[in-house]
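Structure first, then comments.
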Ligand SMILES: Nc1ncnc2c1ncn2[C@@H]1O[C@H](COP(=O)(O)OP(=O)(O)O)[C@@H](O)[C@H]1O
Ligand SMILES: [Mg+2]
């Protein structure tokens, strides 16, 4: 008050006694004082990060979406009369050496010389997916444009996706039934193909199912019986009374499963026999003949005479296969369903494990611990844990979960199966636990923050009602902190779902034929190895034999992984919004 | 201004400055009342800093007693000592004792949680819990493990009626308590505080965060609760104390200066300092 009055007085007196301005003038507001450059600087930072994100996403989305779109088939014939037929996967420009140019001059084609003159010495080359690995030993071939004498897109050229050997490109020449030609001209062949393909594939799928599921089931249950017998042996000794009863039981069980096995085998054989009757004969571009059983053909289409809707159909059917089928051809073809399943299950188990532990730890730190040196040391350690490279967690998980905890579980519960490990190796449970450990700091920090954001007045209100400490925490503090805890969970999920390095050590594998959840008792098999989209990406990109074919799938798989993480996050965000509405928003 | 005749000339301010002990001017009318809460020789320290000095006060049963005094004089501290909410702060140390219907409040043998169940408290800022209106009201019963739906519903209605809120929220008991207005929230907090039928109801400036209309409603409510509940209320607002309370205690710098019937305190206080404060000469 006083100072205000004093200031007022002095300004008044100034007004009164001078038109002279004081010699000391205030500096003009500089550009920096106004903050104009800062707007540009901060805005620029934002733009750069946005552009990076947008660029990455565009790359992934465009490539991911394009991969499965059916391309036309091109036929190149070079000057030395070699035909290359297939899909163009990549185009490059390069600067061929002078010596190579001279070679070509010496050789037949003078057109090549003209080509070079026209293009200033820069040449184009195409990576053509020629397929037919079983015949040529190559999946891809580089074709230089200046080598090409003739370029056509033959109407009858046909792309065949098969269960093994990769793609096949050729011209169908006959449809065989029981070794006899029943269709020869193009239309007839397609007609017969469309007529029989579905049922043949259906039989093939039934056969696969019998081979994997049914026979797997028999093996599974027989193995169980065998383990029971072994258990008795370990417990009571061989030839003991208990062992004998079990052995008799085992023998009768074995006999029964043996006959069941025989039945299934007969069924499989009859299916196979029926399917073996249908075959298609092809001629390749270099005039070789190839007979492919219809059952091996996943998809076949005349790539150059497709309408837009045909293409769309193939595209969608490929997406369907990609999402819901198992991989084939060393993962470079087929679907990624096991990997999707493994990723989701692992992320869910991880969240279920990390949230309770993280919340409990944070509750102790925030609500019970008295503070002081020990607690701050613990806090710093937890924060540092977040900076430990994830592979270190993988090593720890392998050593601790697999080799210590898992091996102990094996010793106690699965002794009969030793020396084969059950839990004493990588598996989805240990992978989830390892990632839970890795993401624990995120959850603890977020929860602590959420807990400290709960107004003290609420705690006091609860105590004033006669509530105890735990009642207050359970009924007031936790619900109110729940949205913040969910934030922690979302961050943990996003980090965990995208993590690959530690998984390689604790259970993610290239190919896991058995899902961690299936129809065989006890239905959930947490000890099993599993496939994971992140690991799948790594495997496709860097471990694949047919890496050119696998590479485009990297983008598609990445797109899928991002989508899954996004969906999981959206679900969590939705849940959080619901909780926030219920517990936090206070409108006056 | 000249001292009015009959005023006690203790010159408290000088004594306080000298660190002398203050003897509260307690009016004789208190002695005719039934006493619910009896504070005896109570001192409280926040660490090394003493916040309450030799407080002696008897809170009469079924009456509204208000604590007035300038900001920072220890009103809230005294109130929060009654239900031992201050115990949650580790730096707090006390001397002396209080008695709730002759049961000691500060005693190693006392179960603090049981003790708090015998009291209700309403805070300065409405603090409804993040749950439904219904669950807010029956919270004290819930923590006692009450599950009988009929009992809960009955208590909920009774308490909400007691807090003059029933008519406004009876159709949306299952809505979030955070969605109603501030004044309604404060009445909800009152309903919650009276749900377990407390022996004493503590209110710490219950209207200071509310608009005048909501304030009026709460004041009417307090008026209506007179006789049924023993209310100890802190207020910053002297008109409010004058309007709503039967007895008024004036605190200053951690000391209880004068305590008597509200009419006397405002019209003819025994102490010069009280007179100065209620006439607005300082504070
Ligand atoms: N948590 C605390 N820690 C330390 N000092 C406190 C604390 N709470 C209140 N005090 C001090 O105790 C004195 C009384 O405070 P308070 O009871 O809140 O006053 P009033 O409610 O009358 O305004 C004040 O001087 C204040 O600074
Ligand atoms: Mg206060």
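Don't overthink the numbers, they just go from 1 along the chain as shown.
Just so you know, glycine gets a Cβ as well, placed from its N, Cα and C.
Feature annotation from TrEMBL assigns coiled coil to A:254-288.
Annotation comment: TrEMBL describes A:340-572 as domain 'ABC transmembrane type-1'.
Per TrEMBL, the feature region 'Disordered' maps to A:1-22.
The transmembrane segment feature in TrEMBL is assigned to A:38-62 (among others).
Panel annotation: around the transmembrane segment (A:336-365), residues 322-327, 375, 378-379, 382, 428-429, 431-433, 435-437, 439-440, 442-445, 447-448, 451, 473, 478, 485, 488-489, 492-493, 496-497, 508, 512-513, 515-517, 526, 530-536, 557, 560-561, 564, 568 of the same chain, lying at least six beyond its termini, place a Cβ under 8 Å from a Cβ of the stretch. Taken from TrEMBL, the feature transmembrane segment applies to A:336-365 (among others).
Same-chain residues lying 6 or more positions outside the transmembrane segment (A:385-406) and placing a CB less than 8 Å from one of its CB atoms are 421-427, 429-431, 433-435, 437-438, 440-442, 445, 499, 501-506, 527. Under the heading transmembrane segment, TrEMBL lists A:385-406 (among others).
The transmembrane segment feature in TrEMBL is assigned to A:427-447 (among others).
Marked as transmembrane segment by TrEMBL: A:553-573 (among others).
Beyond the ends of the coiled coil (A:254-288), by six or more residues, the same chain brings 75, 82-85, 132, 135, 158, 160, 168-178, 181, 189, 193, 196, 200, 203-204, 206-207, 210-211, 214-215, 218, 221-222, 225, 294-295, 297, 300 to within a C-beta distance below 8 angstroms of the stretch. Sequence-distant contacts of the transmembrane segment (A:427-447) (same chain, at least 6 residues past either end, Cβ-Cβ under 8 Å): 342, 345-346, 349-350, 353-355, 357-359, 361-363, 365-366, 382-383, 385-386, 388, 390, 393-394, 396-397, 401-402, 405-406, 481, 484-485, 487-489, 491-493, 495-496, 499, 502-503, 506-508, 516, 526-530, 532.
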